[in-house]
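**Student:** So Swiss-Prot says this about it:
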ACT_SITE  C56  active site, thioimide intermediate
ACT_SITE  D63  active site, proton donor
BINDING   V78, E79, S80, H97, E98  substrate binding site
Amino acid sequence: MSRSPRKTPKSPSLQLGQAVEWPATPDAARLDRVPNPQAGTDYLVRFTAPEFTSLCPVTGQPDFAHLVIDYAPGAWLVESKSLKLYLASFRNHGGFHEDCTVSIGKRIAAEIKPKWLRIGGYWYPRGGIPIDVFWQTGKLPKGMWVPDQGVAPYRGRG
């Protein structure tokens, strides 16, 4: 017997299900959160953004990264459409690789207060040097399984 899908009513406070303009800047972007229906269970959520872009704050040239965001949720989850819009807001933002990566991790952590969060920013080379940036909050919950982020050391990533 098939089960009918749960219907969640549209919420005017969420961007999900709404026509939304792309935010002009990361500060203007809104990150939405939704209640975690499995709040009593330790588990891992992974977001992968293999085509993240920002701008060099000095030259204005585009910078490209493969971001991997892992977190152990508490009471809240990041709503994925709002995360997509937030990450896209960096497209015209001038920021060094380190600042972009750490700012994203801190912003998500501040919004949802996870039990644990880490971000890996694997930046493609500019001037022949790839830059990888890693940041995390606190300690991983005991017994939590966290797979490798799966981004190979630079040899022409892809």
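A Cβ is built for glycine as well, from the same backbone N, Cα and C atoms used for every other residue.
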**Student:** Run through the Cβ atoms and count how many others sit within 10 Å of the one on H97 (substrate binding site).
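**Tutor:** Step by step: centre on the Cβ of H97 (substrate binding site), count other Cβ atoms within 10 Å, giving 20.
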**Student:** Give me the largest Cα to Cα distance among V78, E79, S80, H97, E98, the residues the record lists as binding substrate, in Å as a whole number.
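**Tutor:** Site span for substrate, by Cα atoms: 24 Å.
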**Student:** Let me spell it out: for each of the recorded positions (C56, V78), count the other Cβ atoms within 10 Å of that residue's Cβ, using every protein chain shown. Which one has the most?
**Tutor:** V78
**Student:** Measuring C-alpha to C-alpha, could you say which of the recorded positions D63, V78, E79, S80, H97, E98 are within 10 Å of C56 (active site, thioimide intermediate)?
**Tutor:** D63, H97
**Student:** Tell me which of the binding-site residues V78, E79, S80, H97 ends up closest to D63 (active site, proton donor) in space, Cα to Cα.
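**Tutor:** For D63 (active site, proton donor), the spatially nearest of the binding-site residues is H97.
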**Student:** Mind giving me a neighbour count for E79 (substrate binding site)? Other Cβ atoms within 10 Å of its Cβ, every protein chain shown.
**Tutor:** 20
**Student:** May I ask which residues of the same chain, at least 6 positions away in sequence, place their Cβ under 8 angstroms from the Cβ of S80 (substrate binding site)?
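**Tutor:** Looking at Cβ-Cβ distances below 8 Å from S80 (substrate binding site), excluding near sequence neighbours, one finds F47.
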**Student:** Below 8 Å Cβ to Cβ and six or more residues apart, same chain only. Which residues does that give for E98 (substrate binding site)?
**Tutor:** I131, V133
**Student:** If H, G and I count as helix, E and B as strand, and all else as coil, what does DSSP give for H97 (substrate binding site)?
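**Tutor:** The three-state answer is helix.
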**Student:** Looking only at Cβ atoms, how many others are within 10 Å of the one on D63 (active site, proton donor)?
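**Tutor:** Around the Cβ of D63 (active site, proton donor), 21 other Cβ atoms lie within 10 Å.
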**Student:** Helix, strand or coil: which one is S80 (substrate binding site) in, per DSSP?
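**Tutor:** Note: S80 (substrate binding site) is helical by DSSP.
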